[in-house]
Amino acid sequence: MSFFGIDCVRKKEKELERKLRANDREYNLSFKYATNAIKTSKYNLFTFLPLNLFEQFQRIANAYFLFLLVLQVIPQISSLSWFTTVVPLVLVLSVTAAKDATDDIVSTFVQYFTFTKFYHFGFRGISKSKHLKKRVKSHFIWPGLWLHLYICFNISFVILSTASNLLCHLSLLLGEVRCEPPNNRLDRFTGTLTYAGQKYPLDNEKILLRGCTLRNTEWCFGLVLFGGPETKLMQNCGKSTFKRTSIDRLMNVLVLCIFGFLAIMCTILAIGNYLWELNDGSEFTVFLPRQDGNDAAFSAFLTFWSYVIILNTVVPISLYVSVEFIRLGNSFYIDWDRKMYYSRNDTPAEARTTTLNEELGQIKYVFSDKTGTLTQNIMIFNKCSINGKSYETVDFSFNSLADPSFMFHDHALVEAVKLENPEVHAFFRLLALCHTVMAEEKKEGEIFYQAQSPDEGALVTAARNFGFVFRSRTPESVSIVEMGQQRSYELLALLDFNNVRKRMSVIVRSPEGKLSLYCKGADTIVYERLHHVHPYKYVLADLQEFAGEGLRTLALAYKDLDEEYFNQWQQRHHEASTDLDDRESKLDQLYEEIEKDLLLLGATAIEDKLQDGVPQTIEQLSKADIKIWVLTGDKQETAENIGYSCNLLREEMNDIFIISGNSPEDVRQELRSEEVFQKQLQFRLNMRNKLIMHDYFCTPSSIFYFLVEQKCTDLHETRHSGGFGVPARTDSGCKSESDHRRGGKWRIRMELEFLKTACMCKAVICCRVTPLQKAQVVELVKKYKQAVTLAIGDGANDVSMIKAAHIGVGISGQEGMQAVLSSDYSFAQFRFLQRLLLVHGRWSYLRMCKFLRYFFYKNFTFTFVHFWYAFFCGFSAQTVYDEWFITLYNLVYTALPVLGMSLFDQDVNDVWSFQHPQLYVPGQLNLYFSKKAFFKCALHSSYSSLVLFFIPYAAICDTVRDDGKDVADYQSFALLTQTCLLFAVTIQLGLEMSYWTAVNTFFVLGSLAMYFAVTFTMYSNGMFLMLPSAFPFIGTARNSLNQPNIWLTILLTSILCVLPVVTYRFLLIQLCPTINDKVMFKVRQAKATPSPPPRRTRIRRTSSRRSGYAFSHAQGYGDLVTSGRFLRRPAVSRSSGFSHVGRTTTGFSPMGRSAGYSPTGRPQNAKVPDVEVTSLQMYRTIRDPAL
């Protein structure tokens, strides 16, 4: 691993095929393959400064200020000192560089310790063809891509017991490997090994990838195929697509518009200078002499560039670095949120990116996986159907090897196992043999299974509990215990599962020599491969019942094989597996050939329970007008049942219409049917609908490119034919390329037709979809809908969907960390999504929008004052403010207050955010910051700049001090204007903030105090004596700020600047209140209304018996008092008595009590002690309408 070494990149011809020979270094070095040295750091000691500066100056704003710095060194142009631009630019560049260096160092050292702490040899020393024996005493992370020779050679370990035999045997390992060139495909590998005249196929199961962990073995032999940057891990470590928020894209457009506006202003002022020089310039040549040849046109040209320097603050240099700090701070809030911490797995929420926080407040569409995302992904074998009979739950005390956590309730199944029912035994034998599970037995009788998916683990565990115990496996055999008897099956072929096949099969030979094929897979896939005379409708009914209960189903089938046919098939299988040209296609054809005419054994049903809080979360997100689409591979009945269970589908919804066409024309007709047309009419009447899509609606080739049986593969997928690296495409079952082009417009129309229908629905469920189809659905919505999308999942099959969405969320669950590593945000439970969006997302968006509005306002106001002043100084590029104020305005005086607002502000707290999810809607509509909001901000800045210039100008013109001395000078005017500006923008900031904290208050007051401290210091006699040219405003502060009229002007100017804003907001709240205004009113009411004091109760005293009614002038209430009825108030229903602010209509505070309790907190049927009451209390009791 390289930290500070500069690696040279060598260009070479494209590699089509890789050739290697074991233990032949000279042969392999002739190809000049890469070594295993890699460079994971972005910078090194020598390249950091130039590379980082080059990256930073790619930003238009930074390059612009560098250009200004060059202009400022030209004396004829610049009227400002160099430090006014250098200080802000250097500070911004330094902060960004420090952040980049820290990130690179941390990332590099983490990877360094990860990839070096297990090894006795360095990565750099590993080269191709090096034949190594590695002894593994603990988890071992492989440094390169290795070929596992034991699996290929089937080496006898017995003859390697001595050193002489070891050397002798190693001398024979001189095989040659031909394989594909380096690529980033993690799911496939193609190659052949030629050894001792025999060819052996190499596939993805016979290699060890860099970064993989080797377990459950003491040692192995390996041959290094790829090293360093050529490994698949490094090939997949390329630059990920940089996700930008909608605000980022809008900011880029606005910055370009600001540049154009700046050019227009400078052009206007240059023209004004030209006209002024022609008309009045000659009058000033006596005391402002010109150089020969400088005419009015040249003066206007220089003035243009001078005003580019002066008005540069209209382009905020600190905008981008401030945005980064705000995003970083809001990311920490997500990381630190204890309410998103899952204690069971010790998993906190994590913001894996800091650039998308505000995008969380604008989500319109959520695409969610089901298994492991909405459900717990803890599979439990719940039911099964064998030979048409359905079974449910039992006691496993008869089996000493049973898993104690396994529960099943049907005793008839146990009896069938004990009676050696052949169909039942075959059913569980299939479950014990047809899988890729690894068994680990640490103690006798304690077996631990490691499965690629929880489904497989649940099925193998079920077989174990019913007496068919999977014990161990080798590459050639599978050992199981059948009802207490050890049996070993020869594993002849394994036809593995993938997302296209949706099934897996094994071909085994029993100890008696019988050949059998066992298959399990999706019910629809297995049904298509059953024998035509084999009845399966009885199992189909059970499957539909299981799916209706929300269970995950699989169909199981088998067939006996003829020995002669299998030998021929095995030979063809070996030839296809060693073929380098289009190997996968040939193997698929062989799989299809042998996986037919199957006999159905039965079906399994696995329960996957919902996670806690899923229905409530979906309900909350729906109230926030977030549309949720569930993309699942389950069948339609299961998907529909889960939809109701998780509250995605509700009974009050009108109808469910299902699109399940098997061909393009069928789907088109269903979309355009009268039923869908009626739904569209109902939608226009604000009726809510929902949609469930079937798998045929989206095929792997492309959405709306429909083909029966889904035989078409992805059009973007490359196949190898005629050599490695040559793209080709399988045409089996697909249309030709010309047909594809002709059908392009038709597919676009179908896409729009579907999207039009789906987006009118409240909820959409896509079932039977593959991982590629999930990403295609997301891309479809992104393509045609101007909305922000979020994808959430937990497994490797969700990675493409997560990367395709604007924001990807990974759930760390039972299926590994692939989804988390590809995501932007991660946590452990789906229910945390509502807090991520409704609280953190909305707050981040609100804070960022307030920051941008205020940032542009204060900079525009600051700059426009220069523009108005130009008309009063002869367009001479003179500044209004002191140079030190210009330098420190954005860095010191206004930086901390706006950062405080952007990090701590919140309109309502998290509780109110959950109570009113509708507060999320403005973010979806871009109401807080848009081009319209920017235009309003510019208008407000123009008005404020007019007030800030002309009122101080009029107030100070011909003004004298109390002692009669004149104060109408440029320095006093500059001081007054900049003080008014600072007070005006600070008051505006106070109006923007909704939530004041001690930190915000300190920043605001501290910034004002800093301004006066710096001003009095810079304008003091001592600073003038040290540097007269740098501090010319000697005594201006103490001579001007002690005058009452100056402070009156400051107060008047500040009020006039914010008066339009206050008036506009008041009228808006009164005439057209938004949801935010209504909720804020309720919040203020809740805070302003004190809780009623508790009712006083006292022990009865005999001296006060008559005081309750003796002084009443009305008719007495003796009968009532002696009866005691007034002491027991009847039960009053409180269900409708609570308002949104926690009060009841009867005047009592509920204090969290239920309707069955009295106002004193006692149950209403409890005995009430005697209490003393006054006549006024009795009168209120009698007059109470409830009584």
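Cβ atoms here come from the backbone N, Cα and C positions, even for glycine.
TrEMBL labels come from automatic prediction, so no person has curated them.
Per-residue pLDDT, averaged across the domain 'P-type ATPase N-terminal' (21-86), gives 72. Taken from TrEMBL, the feature domain 'P-type ATPase N-terminal' covers 21-86.
Residues or ranges marked as transmembrane segment in TrEMBL: 63-83 (among others).
Annotation comment: TrEMBL describes 145-168 (among others) as transmembrane segment.
Per TrEMBL, transmembrane segment is recorded for 253-276 (among others). Note on the transmembrane segment (253-276): residues 60-61, 64, 296-297, 299-301, 303-305, 307-308, 311-312, 314-315, 867, 870-871, 874-876, 931, 934 of its chain, located 6 or more positions outside it, place their CB under 8 angstroms from a CB of the stretch.
Taken from TrEMBL, the feature transmembrane segment covers 296-321 (among others). Under 8 Å from some Cβ of the transmembrane segment (296-321) lie the Cβ atoms of residues 59, 61-62, 64-65, 68, 71-72, 74, 76-80, 85, 88-89, 92, 95-96, 251, 255, 258-259, 261-262, 265-267, 269-271, 273-274, 277-278, 281, 855-856, 859-860, 862-863, 866-867, 870, 875-877, 879, 886, 889-891, 895, all in the same chain and six or more residues away from its ends.
Less than 8 angstroms from the CB of Asp369 (active site, 4-aspartylphosphate intermediate) sit Val630, Leu631, Thr632, Lys774, Ile792, Gly793, Asp794, Gly795, Asn797, Asp798, Met801, each of them six or more residues away in the same chain. The active site, 4-aspartylphosphate intermediate annotation in TrEMBL covers Asp369.
What TrEMBL records for 820-1073 is domain 'P-type ATPase C-terminal'.
The annotation transmembrane segment is assigned in TrEMBL to 851-872 (among others). Outside the transmembrane segment (851-872), and at least 6 residues removed from its termini, the chain residues within Cβ reach (under 8 Å) are 247, 251, 265, 269, 272, 307, 310-311, 313-314, 316, 319, 322-323, 326, 878-881, 889-890, 894, 898, 901-902, 928-929, 933-934, 937-938, 940-942, 944-946, 948-950, 953, 977, 981, 984-985, 988-989, 992.
The transmembrane segment annotation in TrEMBL covers 884-904 (among others). Sequence-distant neighbours of the transmembrane segment (884-904) (same chain, 6+ residues past either end, Cβ-Cβ under 8 Å): 80, 83-84, 87-88, 91, 313, 316-318, 322, 325-326, 329-330, 847-848, 850-851, 854-855, 858-859, 862, 978, 982, 985-986, 989, 992-993, 995, 997, 999-1000, 1003-1004, 1006-1007, 1010-1011, 1014-1015, 1018, 1031.
Annotated transmembrane segment per TrEMBL: 933-953 (among others), in sequence order.
Positions annotated as transmembrane segment by TrEMBL: 973-991 (among others).
Marked as transmembrane segment by TrEMBL: 1003-1026 (among others).
Long-range contacts of the transmembrane segment (1046-1068) within its own chain (CB-CB distance under 8 A, at least 6 residues past either end) are made by residues 940, 943-944, 947-948, 951-952, 955-956, 976, 979-980, 983-984, 987-988, 991, 1040, 1074, 1077. Per TrEMBL, the feature transmembrane segment maps to 1046-1068 (among others).
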Remote residues contacting the transmembrane segment (933-953) - C-beta distance under 8 A, at least 6 residues beyond either end: 254, 849, 853, 856-857, 860-861, 863-865, 867-869, 872, 880, 927, 973, 976-977, 980-981, 984, 1049, 1052-1053, 1056-1057, 1060-1061
